[in-house]
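Student: I grabbed these lines from Swiss-Prot:
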SIGNAL    1-20  signal peptide
MOD_RES   Gln21  pyrrolidone carboxylic acid
DISULFID  Cys27-Cys48  disulfide bond
DISULFID  Cys33-Cys53  disulfide bond
DISULFID  Cys37-Cys55  disulfide bond
SITE      Lys47  site 'Basic residue of the functional dyad'
SITE      Tyr56  site 'Aromatic residue of the functional dyad'
Amino acid sequence: MKISFLLLALVICSIGWSEAQFTDVKCTASKQCWPVCNQMFGKPNGKCMNGKCRCYS
């Protein structure tokens, strides 16, 4: 029972990973990524991770 729950949780979490798109734009705060993501992918959904913008669809 525990294994099936863990597998289900892994599948649900991995869905979000495939929707993320990395960019080479450097950042220090997530709000710096919003115009970048809006320009590149048409949606302002993004955040700053490890000094680079990561956009979500």
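Backbone N, Cα and C atoms are what each Cβ position is placed from, and that goes for glycine too.
Computed from a predicted structure; not experimentally measured.
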Student: Just to confirm: which same-chain residues, 6+ apart in sequence, have a Cβ under 8 Å from the Cβ of Cys53 (disulfide bond)?
Tutor: Phe22, Thr23, Val25, Lys26, Cys27, Gln32, Cys33, Val36, Cys37, Gly46, Lys47
Student: Minimum Cβ neighbour count within 10 Å among the disulfide-bonded residues Cys27, Cys55: which residue?
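Tutor: Looking at the disulfide-bonded residues Cys27, Cys55, the Cβ with the fewest others within 10 Å is that of Cys27.
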Student: Among the recorded positions listed here (Gln21, Cys55, Tyr56), which has the Cα closest to the Cα of Cys48 (disulfide bond)?
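Tutor: Checked the recorded positions Gln21, Cys55, Tyr56; minimum Cα distance to Cys48 (disulfide bond) goes to Cys55.
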Student: If you measure Gln21 (pyrrolidone carboxylic acid) to Cys55 (disulfide bond) at Cα, how many Å is it?
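Tutor: Given the Cα positions, Gln21 (pyrrolidone carboxylic acid) is 5 Å from Cys55 (disulfide bond).
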Student: With H, G and I counted as helix, E and B as strand and the rest as coil, say where DSSP puts Cys27 (disulfide bond).
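Tutor: The residue in question, Cys27 (disulfide bond), is coil (DSSP, three-state).
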